[in-house]
Amino acid sequence: MPEYLPTTPYRGTRDFLPPEMSVRMQVFGHLYDVLERYGYQRYDGPILESAEIYERKSGQEIADQQLYTLVDRSGRRLALRPEMTPSVARMIAGNAGSLQFPVRWYSHPNCHRYEKPQRGRVREHWQINADIFGSDSPNCEIEMFELIHDLMRGLGASRDMFVVRANDRNLLSSALTVLVGVTAEQLPGVFALVDRWEKYPQDALAAQAEEIGLADKQFEKLGEVLGAGTALLDELPTEIKANSNLVQVLSGDAASLVRFDPMIVRGLAYYTSTVFEVYDTSPENNRALFGGGRYSDLAGMFTPQQIPGIGFGMGDVTLIDFLNTHGLAPQPRSEVDVVVIPVTGEQAAAARSVARELRGTGLRTSTPIELRKLGKELTRADKAGARAVVIVGQEDWDAGNVTVRSLATREQRTVPFADAPGTVRELLG
Ligand code: HAM
């Protein structure tokens, strides 16, 4: 007996059979439409990058635990991209001379991370990225928040189904230093602790705080600061607030788009000020749906030029969980709209010409590859999700006619060949 290989995909990756692919394409098609309407232009890049670009800037979790690395035949260390931001920063830096800043770009790459597969987390996901490069203005933040609301609306979500929570890392650093007494050396550790605040039980957090060297009183105070919401802003120094784009947004006309939340810090190391995450309001999905932030010196890995960026990454897994939870996921499309069936092999060429005619009008149309009896072909057409069939019989064809039948109502009409597309559309309603 030959030993057969498994037909299942590698752990944490997914096959997308046509029904799942159809849902994915429809969901992301809506998102592309919204992004294009905002003037974002699509780009793409290689799945393989130098491992170094993640090791330098993305932070320890990605670099030490999640990166898929390989060495090519000439000894270069490469990685499967775990995210798109370092790649796009490289492209922007390499083409800065010919770009008219600020630029708005979007992409839809697949990203690989070696993670423990669980709800909302897999090892290969597809992520929409939308970023603005070359501006420090708070108008970028406003546009990001508006865009997020329109993307969610484009998927059918209403305002009560999600919330945009935002913070500014500089405000958080100031609160941690001034109010909690965290030292500069402890800050990175406390940021990582804050990032886990909602995901870990209290005793695990306390143990981690102790490791960082926080006293019990400080741990308690940290809890107060993180739970303070907008009231925390009153306790922060004016000069820090004056330099915060987020504070400006919160005091302007776009304030209602976002909720200030000291707990949002995000896991990636390169964010320098504004950070935000979108959450499902349903308790079924307690992980962030997607998130992003402002990074002022990621391009600095590649160029002395200062090119700030701001944007977010929106993954397919969390998004489709969200749509399923709220009953918003689209149905997979049928295989075809119409099947053209020759009664015998003699009419195969005629059937193909009718099918060509129908395709020309935008109807998704197939003809049988291996012709069976008419009854069997009708059943197959029904299973393929076709809503109409066109039957081509010799006598009809000799008279210049075909028979169009609705599979839903069984209504049937014999019409001149040239009228077939119009009749199909009429019967489809
Ligand atoms: P991130 O938070 O690491 O940010 O990922 C963004 C989104 O990608 C997540 O919220 C989630 O929807 C999805 N995602 C990430 N990892 C996984 C996974 N293992 N399984 C399933 N989905 C996942 C970034 O990647 C930043 N580069 C985003 C960004 C763009 N910031 C600025 N511009």
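Just so it is clear, glycine is given a Cβ too, placed from its N, Cα and C backbone atoms.
The record from TrEMBL ties Glu83, Met84, Thr85, Gln127, Asp131, Arg266, Tyr270, Tyr271 to L-histidine, and of the options Arg73, Arg113, Arg119, Arg287 it ties Arg113 to that site too. Under DSSP, Gln127 (L-histidine binding site) is assigned to a strand (E or B) in the three-state scheme. Each of the binding-site residues Thr85, Gln127 was scored by how many other Cβ atoms lie within 10 Å of its Cβ, and the smallest score goes to Gln127.
For the domain 'Aminoacyl-transfer RNA synthetases class-II family profile' (11-330), the model's pLDDT averages out at 96. In the structure shown, across all protein chains, Tyr271 is the one of the binding-site residues Glu83, Arg266, Tyr271 with the greatest number of other Cβ atoms within 10 Å.
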